[in-house]
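Q: This is the feature table in TrEMBL:
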type    : residues                              : note
BINDING : A:Cys99, A:Cys102, A:Cys139, A:Cys142 : Zn(2+) binding site
BINDING : A:His131                              : Fe cation binding site
Protein chains: 2
Amino acid sequence: MKSQKTRFETIIQKLRDNGHKITPQRIAIVKIIAKSIGHPSVEDIYHQIKIDFPTMSLATVYRNIVLIKSLGEVLELGFPDGSNRYDGNKPYPHPHVICIKCKKIVDPDLDSLDNMTKEVEEETNFKILNHRLDFFGICSNCLAKKV
Amino acid sequence: MKSQKTRFETIIQKLRDNGHKITPQRIAIVKIIAKSIGHPSVEDIYHQIKIDFPTMSLATVYRNIVLIKSLGEVLELGFPDGSNRYDGNKPYPHPHVICIKCKKIVDPDLDSLDNMTKEVEEETNFKILNHRLDFFGICSNCLAKKV
DNA sequence: CTAAGTGCAAAGTCTTTGCAGCGCA
DNA sequence: TGCGCTGCAAAGACTTTGCACTTAG
């Protein structure tokens with residue numbers, strides 16, 4: 001059985017490799033980013049850390065996200081209302097399914113996407129580098145408890 | 001040959017139907033939104049109108065976009081960097097192909113999307129209402145003139 | 001005529017930045 | 001020990017809002 005590095009270890013290693021110091025604040029941020037449970041916002045990350053780390057500053061969260069983004073280890077999901085959510089667990093482009101009621105974000109498995117990229121390249125003559133695919137809807141949970 | 005309403009007429013009509021006044025400023029904004037050539041930003045719209053309409057205020061552009069959005073007659077495309085672009089020509093969800101060099105936005109024709117929505121619904125048990133699909137790349141033009 | 005719309009400027013968000021002090025390597 | 005990082009507060013970018021004036025219907 002091959003030992004597999006966790007996302008947390010991978011990101012910390014990459015920070016080290018690029019000459020960045022590993023501070024407690026940074027560790028706390030990477031820990032959350034690496035899991036990205038529910039795809040947290042900056043505020044989510046900030047508040048979560050603030051519990052154990054009362055001096056943590058919002059600026060530090062922002063700075064570290066910019067840094068980790070620049071290393072390609074976190075995916076930023078911006079929405080029209082200006083909110084941003086982060087995914088450091090799967091930092092490569094992949095589809096998201098977003099519940100418009102409870103804001104939960106889920107990752108579906110879709111395989112038809114590669115074909116689509118080719119289709120687009122052929123039709124538009126673009127060299128496609130990247131994509132973003134979101135589905136918006138209502139999750140089974142919120143559907144059930146519709147008041 | 002059936003007479004087809006232009007997007008401009010449709011939006012103006014919808015404004016009227018909902019009891020909104022048709023002001024010159026509003027006409028100017030709708031004119032640009034209806035065409036949405038290159039998918040303009042708020043600034044684009046503002047500056048374009050400012051030429052013939054020096055008193056036009058940014059606030060008015062924002063207010064009218066909010067209004068037209070609420071009528072479902074313009075699609076707002078928010079990007080991670082915080083910029084927003086608008087499409088009042090095709091105000092329903094559809095894929096976009098964006099050149100990361102010249103910021104041009106093109107609409108490709110893709111037919112495999114409906115299947116994908118069904119696939120997602122089956123897998124996640126969400127009721128999908130909406131989606132957003134963007135491809136990022138480099139257009140043939142920018143590819144050609146790569147320095 | 002009169003409620004809706006406009007322009008201006010002020011107030012909000014959210015995010016970034018400058019700077020002094022702190023702490024990891 | 002030294003440079004990078006943090007925390008704070010101030011500055012920025014973008015968007016919304018309050019208010020008095022204007023105007024479409």
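Placed from the backbone N, Cα and C atoms, the Cβ positions cover glycine too.
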Q: Could you find out if DSSP has A:Cys139 (Zn(2+) binding site) as helix, strand or coil?
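A: It is coil.
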Q: Three-state secondary structure of A:Cys99 (Zn(2+) binding site) from DSSP?
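A: For A:Cys99 (Zn(2+) binding site) - judged by DSSP and reduced to three states - the answer is strand.
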Q: When you tally the Cβ atoms that lie within 10 Å of each candidate's Cβ, which of the binding-site residues (A:Cys99, A:Cys142) has the highest tally?
A: A:Cys99
Q: Other than its own, how many Cβ atoms are within 10 Å of the Cβ belonging to A:His131 (Fe cation binding site)?
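A: Result for A:His131 (Fe cation binding site): 20 neighbouring Cβ atoms inside 10 Å.
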Q: A:Cys139 (Zn(2+) binding site) to the residue listed as 'Fe cation binding site': how many Å between their Cα atoms?
A: 24
Q: Using Cβ atoms only, which residues of the same chain lie under 8 Å from A:Cys102 (Zn(2+) binding site) while being at least 6 residues apart in sequence?
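A: Correct list: A:Cys139, A:Asn141, A:Cys142.
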